[in-house]
Amino acid sequence: MHHTGLGSGVAKRVLLASPRGYCAGVDRAVIAVEKALERHGPPVYVRKQIVHNVHVVGSLEKRGAIFVDQVDQIPPGAVTIFSAHGVSPAVVHSANERGLQVIDATCPLVTKVHREVIRFSKAGYFILLIGHSGHEEVEGTSGHAPDRVLIVNSPDEADTIDVPHTDKLVWLSQTTLSVDETLETVKRLRLRFPHIQDPPSDDICYATQNRQAAVKKIAPLSDLVIVVGSANSSNSVRLVEVALENGAKAAVRLDYADELDPALLDKVDVVGVTSGASVPEILVRDLLEVLARAGYTKVESVQTAVEDLVFSLPKGLRESRK
């Protein structure tokens with residue numbers, strides 16, 4: 001084991017995971033709010049947080065975006081953006097009843113799962129949706145066939161979940177889960193329901209998979225892994241878990257560099273750094289500066305994939321992407 005501890009004389013260094021940070025769906029959603037503010041002027045209303053990041057939401061609020069929990073808090077007729085996490089048909093119906101001018105910033109990879117729910121439920125399937133109850137994405141997805149969807153929160157739940165009829169059964173998932181934990185959940189579902197069908201393609205999205213793969217690469221080499229991301233960001237929280245499961249001696253999540261407890265760096269030679277899919281790169285740069293001041297001036301990039309996916313903007317904003 002080439003792990004180096006106290007007094008080894010090995011230079012302190014940072015392993016910077018790549019890919020990290022913004023995914024295509026987040027980029028599109030944030031630009032949608034910015035463009036809507038440019039085009040319509042403030043206020044522009046957003047149902048829920050546009051993406052699960054404290055910094056992004058705060059900076060858009062300063063520019064005139066108003067974040068609300070439900071559409072009934074929005075004045076009739078106002079410009080309204082649905083967040084990247086997607087909405088149920090019931091929310092769309094409420095928005096239409098209020099005459100809201102809707103811009104739908106749902107990530108296309110979430111919409112794909114919505115379409116799977118619609119297709120499988122129409123074909124008479126019962127759907128086991130692997131995901132976290134109460135998460136906005138899961139609420140939106142399950143809302144497309146509420147009486148045909150059961151949510152499976154964990155591998156343990158797969159062992160006990162009560163399924164009404166099992167002749168036509170399929171599993172789907174939230175886009176931001178731990179790949180390994182989801183495989184374990186599916187394995188256990190299959191033990192109980194051998195004929196359960198798989199989704200037509202991966203529901204866990206490319207960005208979630210890529211960020212987890214990059215963390216797996218740096219984790220075994222790191223004394224500490226720092227994940228930049230917010231507490232309500234499912235994919236960021238998963239990165240901490242994945243780091244710990246793959247050999248990181250310690251792992252923490254923080255929103256801002258100044259939240260880093262210097263005591264965490266005690267006896268630490270190698271710091272792994274990554275960020276969740278809704279995190280602007282400036283927050284990672286701030287962290288690297290704080291680490292440099294603490295002696296971690298050497299930064300090595302560890303790249304496991306190249307991402308070049310870009311989504312076109314939501315309807316109503318398309319011709320103006322810059």
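Glycine is no exception: its Cβ is also placed from the backbone N, Cα and C atoms.
Together with His52, His85, His135, Ser233, Ser234, Asn235, the dimethylallyl diphosphate site in Swiss-Prot holds one more listed residue from Ser18, Ser173, Ser275, Ser278, which is Ser278. Using a 10 Å radius centred on the Cβ of Ser233 ((2E)-4-hydroxy-3-methylbut-2-enyl diphosphate binding site) and all shown protein chains, the other Cβ atoms total 25. In this entry, (2E)-4-hydroxy-3-methylbut-2-enyl diphosphate is bound by His52, His85, His135, Thr175, Ser233, Ser234, Asn235, Ser278, whose most widely separated C-alpha atoms sit 15 angstrom apart. Counting neighbouring Cβ atoms within 10 Å of each of the binding-site residues (Cys23, Cys107), the lowest count belongs to Cys107. For the pair Cys107 ([4Fe-4S] cluster binding site) and His85 ((2E)-4-hydroxy-3-methylbut-2-enyl diphosphate binding site), the C-alpha distance works out to 7 angstrom. Separation of the C-alpha atoms of Cys205 ([4Fe-4S] cluster binding site) and Glu137 (active site, proton donor): 13 Å, rounded to the nearest whole number.
A simple way to gauge crowding: the CB of Ser278 ((2E)-4-hydroxy-3-methylbut-2-enyl diphosphate binding site) has 32 other CB atoms within 10 angstroms, across all the protein chains here.
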